[in-house]
Amino acid sequence: MVTEQEVEAVGQTLVDPGQPLQARFRALFTLRGLGGPVAISWISRAFDDDSALLKHELAYCLGQMQDRRAIPVLLDVLRDTRQEPMVRHEAGEALGAIGDPEVLEILKQYSTDPVVEVAETCQLAVRRLEWLQQHGGESAVRGPYLSVDPAPPAEERDLGQLREALLDEARPLFDRYRAMFALRDAGGKEAALALAEGLRCGSALFRHEIGYVLGQMQHEAAVPQLAAALAQPTENPMVRHECAEALGAIARPACLAALRAHVADPERVVRESCEVALDMYEYETGSTFQYADGLERLRSPLS
């Protein structure tokens, strides 16, 4: 049983800028797992932080929780042009993940936002909400991953056809995302390599999602492409960030070398992502039971 005092202590860790970023991330994911209005309130309070990486992750977690009570704060973040593009983008995606049609018109409004990552995200969220309306809600068949995705996986099963759809930049972004998630769900080396080819496509939003799904797959075949994207200083920081976190999740020795090489990167979101990814690497290669260990750390402060 989790006490209110414990939830508050985890929340205090999240909102305390004096805490190491890794500890704040673990607190965030602990709150996400706990759920409920108190957890949402603590997560919402951290949107005035100066770390774009942390704020982006706050929005991501609120979307994954799929709790309507998070809609007002996510709308505020989407509307706030002082927030970094990657934060506003994640708020738009989170609104799509929650799946409530009440936000459809607002998402349509921001589908023409001057920030292209925000506009494309809201276009995808609109398509997702429309798809949910047409198909009577979420699919009853769950894939191998627990995440709430910006698009449902395509029904096509042929990897060659899916690769072709993924890389065809003339197709609607929503359809390419559907191919992306179908390849992820298929798993294996061929699917991972097909996805890794997407890191060369034109849309930064698309490339960043490729990095995300490769991190979910944790297939080492994609390590060279992820490391190359991370090492490219002209690549969009949002893409480099996802590639860093993917390398942390894959957790092979080559990943460790790539992350250490960029832990002092001049781009803040990249170096912070490498810090968090190194913490994830430690978790993946260690004996810790779970990453979201905020409660365990409270109960065993010496560990």
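Keep in mind that glycine also has a Cβ here, set from the backbone N, Cα and C atoms.
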According to Swiss-Prot, which candidate in His208, His219 joins His89, Glu90 at the Fe cation 2 site: His208
Inter-residue C-alpha distance, His208 (Fe cation 2 binding site) and Glu242 (Fe cation 1 binding site) (nearest angstrom): 6
Determine the most Cβ-crowded residue among the binding-site residues Glu90, Glu242, using a 10 Å radius around each Cβ and all protein chains in the structure. Glu90
List, by number or range, the same-chain residues at least 6 past the repeat 'HEAT-like PBS-type 6' (239-265) whose CB is under 8 A from its CB atoms? 53, 56, 86, 199, 204, 207-212, 214-216, 218-220, 222-224, 226-227, 229-232, 271, 273-281, 284-285
Give residue numbers and ranges for long-range contacts of the repeat 'HEAT-like PBS-type 5' (206-232): same chain, 6 or more residues beyond its ends, CB-CB under 8 A. 145, 147, 150, 173, 176-177, 180-181, 183-184, 187-189, 191-193, 195-199, 238-252, 254-255, 258-259, 261-262, 270
Measure from the Cα of Met1 (N-acetylmethionine) to the Cα of every one of the binding-site residues His89, Glu90, His241, Glu242, then give the nearest. Glu90
Once near-sequence residues are set aside, which residues in the chain of His241 (Fe cation 1 binding site), 6 or more away, have Cβ atoms under 8 Å from its Cβ? Leu53, His56, Met86, His208, Gly211, Val269, Val270, Ser273
If you count the other CB atoms within 10 A of the CB of His56 (Fe cation 1 binding site), including all protein chains displayed, you should get 25
